[in-house]
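Input: a single structure, listed below in structure tokens.
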Amino acid sequence: KEKRMEGVMEENTERGTSVAVKGEAAIKPEFLTTKEKFHDLIDSEWQGCKGETTGESDTPEEVKDTSVGEPEPKRVKLDPEEEKKVEKTDRKRFRGQNKSRPHTKPTTYEEKRLCLSVIQKRECTFGDKCTFYHDVAAYMASKPADIGERCYLYETFGKCEYGLTCRFSKEHTTPDFQTTEKEDLVKAFEGRTLTKNNLSKDLQFRLRKRSVAFKKSEEYLKTLSNNKDKKRHHGNVLVYDLGSENSTYNPPPVKTLGPLTDADVTKLRPCEKKQVDFRDKLYLAPLTTCGNLPFRRVCKRFGVDITCGEMAMCTNLLQGHQSEWALLKRHESEDLFGVQVEGCFPDTMTRCAELINTYADVDFVDINSGCPIDLVYKKGGGCGLMTRTRKFEQIIKGMNHVLDVPLTVKIRTGVQEKSSIAHKLIPEMKTWGVSMITLHGRSREQRYTKLADWDYINTCAELASPIPLFGNGDILSYEDAVKARETGVSGIMIARGALIKPWIFTEIKENRHWDISSSERLDILKDFTNYGLEHWGSDTRGVEKTRKFMLEWLSFMCRYIPVGLLERMPQKINERPPYYMGRNYLESLMASQNVGDWIRISEMLLGPVPKNFIFLPKHKANAYK
């Protein structure tokens, strides 16, 4: 195998010195190769490498059947006249998301499951109508083979709550199908809550029946409805409508007692709110799909200071959707944690804030006013809030009224590429009561096609002072972070950079480039696997859910180029990697942009994929169109 790798590298060296291609990262010429040679090596060596890793010799046919080809090479920008000739469908083909991708529920990977009553050792409430297995021997005979001999949950916590359904059940199952426990570990974790912000059945029932009281929200919303027809908003000046002859001045809706109102007295004063020091911290951006709890735990290990849950829709939270509440979950290792909510109306956002304030343990709440996707923007949420300043002001003031924790806002430069409006909005947000602002240096129209404008972020940071402003965009190395901090921002938020290389937080704190080995990167994926099995479960459903989120992450992680292979450091986030051979087979495999190879990596850690397994990445990756 090593001779074969050396032969390929010698051929690449004979090709000549590396030629700088626009949009491609500069890699040492001895590592460069072609697409055909790259995949020839990966496919030919996979069988032996897989046998060494998992003890299996045959490559599953499912990998070949379910793999999706790589994105086509990035097209060179055409002249305006030639660009018009390109069909509209072709231009959009490799942009945005794979919206029509197949969604396979993890439950479909098991033909028939073991009844929960058997696992919990209680009587089944469905009786003869139950469609699940009650015969343990019959279930064990039909159950897929175990993935491994060691159960992470059993070794860590002393017991595995998934019992016989666990895909690592051999370690904690006796020959007569009884589950065992480690009493010392069970006692050590007794009474300890590792994950907070779970949705209770009682709260879910009351939310669905709309019987949850929102007293503080109703107080605030009442003032909005009373003032709706009595005043118009002009900038920072409130002008009463006295245009007609018959109009009369109406007193304020709240009785006044001297210089203070009753609302002022009962309202929590800013000095009584929980204070959070955001300055000079590293902030992991709230990342849809990939920013799940296991991934945030990985980033915490590498030194991130602030973590935030994935964007949650306020209406879904108010309706008690279990899947939406799952986005609010917080691990005990997340010492500074917030949640991000999205909405476009003051009533729902204010009630949602009060709901989170009462039933969740968070350090801050963030408003997403930077989401560019059509589904959110067309309803007036996300970036749409930046152009609806009246509603935006009502939302911020309403949420501030009901929250005991700081309220933060994430925005973009604006909606249109050549019409930035963040610098006009930031001075107003200071008066509305925002505790911190995060600015992504791109407009909605730009998405990720151009570099973030850090000069504009610097201008906005000066306008925001003394309120902390975090900058976000294009940070992939500690050098990028040093340049970003020179702009005067209070801190930096990292999004795609953390997905490509989660150890970026260690690099920034230690001011160095880390030439991380492929085995170390595989260990990171092993940690993610263990965290995923703990979070989603070690049964078939949990295993496949962990695999799905790992594959979503690998669609970003494959863009990383090892430091030792770079001809020019550091790697830039807008530079796509050319085809190259790694210093060993695993490094080459991790560089593949082929979905089938990502599935192979997942099989090293989670066993073979089911027969009906299908995966298509969520993002088409505009940088690789």
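The backbone N, Cα and C atoms fix where each Cβ goes, glycine too.
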Annotated range (TrEMBL: region 'Disordered') out of 1-21, 211-231, 232-252: 1-21
109-137, 283-311, 341-369, 573-601 - the one TrEMBL records as zinc finger: 109-137
Annotated zinc finger segment (source TrEMBL; candidates 150-175, 254-279, 384-409, 410-435): 150-175
